[in-house]
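Remarks on the structure that follows.
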Amino acid sequence: GTSQQIPQTIIIGVRKGGTRALLEMLDIHPNIVVAATEVHFFDWDENYVKGIDWYRSLMPCSSGNQITIEKTPGYFTSPQAPERIHDMNSSIKLLLILRDPTERVISDYTQVYYNRVESHKPVQLFEDIVIKNGALNTKYKAIQRSLYDVHMEKWLKHFSLDQIHIVDGNTLIKDPLPELQKVERFLNLPSRIMSSNFYFNQTKGFYCIRSDGRERCLHESKGRPHPLVNTTVLEQLYSYFREHNTKFYRMVNHSFDWH
């Protein structure tokens with residue numbers, strides 16, 4: 001009695017915000033089934049032209065009382081994704097996980113840095129990318145991705161605020177349960193995720209998952225140490241994001257504990 005369904009909920013982003021942690025933690029819930037990989041249907045033209053049946057074919061099987069969720073962090077910053085998702089289902093529920101924008105930039109850099117090291121490609125210091133000719137390099141893609149107000153504006157043209165639930169990525173890592181309970185309520189699901197589903201891994205420095213008699217931690221690529229960043233550069237980033245953050249707080253009627 002199961003079949004592949006188009007997702008009723010999508011985790012739309014943000015890259016390096018904690019999307020994988022959120023997806024794997026929600027997967028504990030018996031009424032949730034999750035797509036195994038990032039689909040990139042709504043943000044990559046070469047996938048979008050394959051059509052909705054192709055998209056559905058990548059989803060796990062679910063029963064009538066289950067919600068299918070996929071996550072692709074690139075959707076949040078994609079110019080086309082909001083309209084395309086709206087065309088598919090105008091009443092869909094969206095999950096957006098965000099963290100301090102400066103931390104997100106450094107995490108973004110860290111992922112690219114390790115990928116380049118593993119591929120034996122040359123690497124640059126964080127400061128050499130972020131600062132150009134003595135000024136902040138605001139064209140750096142990682143900085144552009146952290147302008148949450150700019151991207152949110154596009155989503156609010158197509159969806160009402162009550163269709164988008166924002167998960168605090170900083171809180172999810174420190175204390176997962178309250179954030180996950182808010183998601184359960186947003187999705188109108190019975191409360192099934194419990195504190196016993198998590199245990200703190202001292203080695204990794206964050207929570208791992210315990211469910212169905214199994215224990216699992218996020219992939220070793222998660223939680224990598226960030227580089228120590230020059231404090232002057234940090235202050236420049238904080239200062240640059242401050243106005244954008246204030247605009248974003250007003251947009252979503254909620255403040256976050258960001259620099």
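Positions of Cβ are set from backbone N, Cα and C atoms, glycine also.
Taken from TrEMBL, the feature domain 'Sulfotransferase' applies to 7-244. Annotated active site, for sulfotransferase activity per TrEMBL: Lys16, in sequence order. Residues annotated as 3'-phosphoadenylyl sulfate binding site in TrEMBL: Lys16, Gly17, Gly18, Thr19, Arg20, Arg99, Ser107, Tyr207, Lys222, Gly223, Arg224, Pro225, His226. The disulfide bond annotation in TrEMBL covers Cys208-Cys217.
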Taking every residue in the domain 'Sulfotransferase' (7-244), what is their average pLDDT?
95
If you count Cβ atoms within 10 Å of the Cβ of His226 (3'-phosphoadenylyl sulfate binding site), leaving out that atom itself, what do you get?
13
Please report the distance from the Cα of Cys217 (disulfide bond) to the Cα of Gly18 (3'-phosphoadenylyl sulfate binding site), rounded to the nearest angstrom.
13
Spatial separation of Ser107 (3'-phosphoadenylyl sulfate binding site) from the residue listed as 'active site, for sulfotransferase activity' - C-alpha basis, Å:
6
Counting other Cβ atoms within 10 Å of each Cβ, which of the recorded positions Lys16, Arg20, Arg224 scores lowest?
Arg224
Determine, to the nearest whole angstrom, how far the Cα atom of His226 (3'-phosphoadenylyl sulfate binding site) is from the Cα atom of Cys208 (disulfide bond).
20
For the C-alpha pair, I'd like the distance in angstrom between Ser107 (3'-phosphoadenylyl sulfate binding site) and Cys208 (disulfide bond), rounded off.
20
How big is the gap, in Å, between the Cα of Gly18 (3'-phosphoadenylyl sulfate binding site) and that of Cys208 (disulfide bond), rounded to a whole number?
13
Write out the long-range same-chain contacts of Cys208 (disulfide bond), meaning residues 6 or more apart in sequence whose Cβ is under 8 Å from its Cβ.
Phe198, Tyr199, Phe200, Asn201, Glu215, Arg216, Cys217, Leu218
Give me the count of other Cβ atoms within 10 A of the Cβ belonging to Ser107 (3'-phosphoadenylyl sulfate binding site).
22
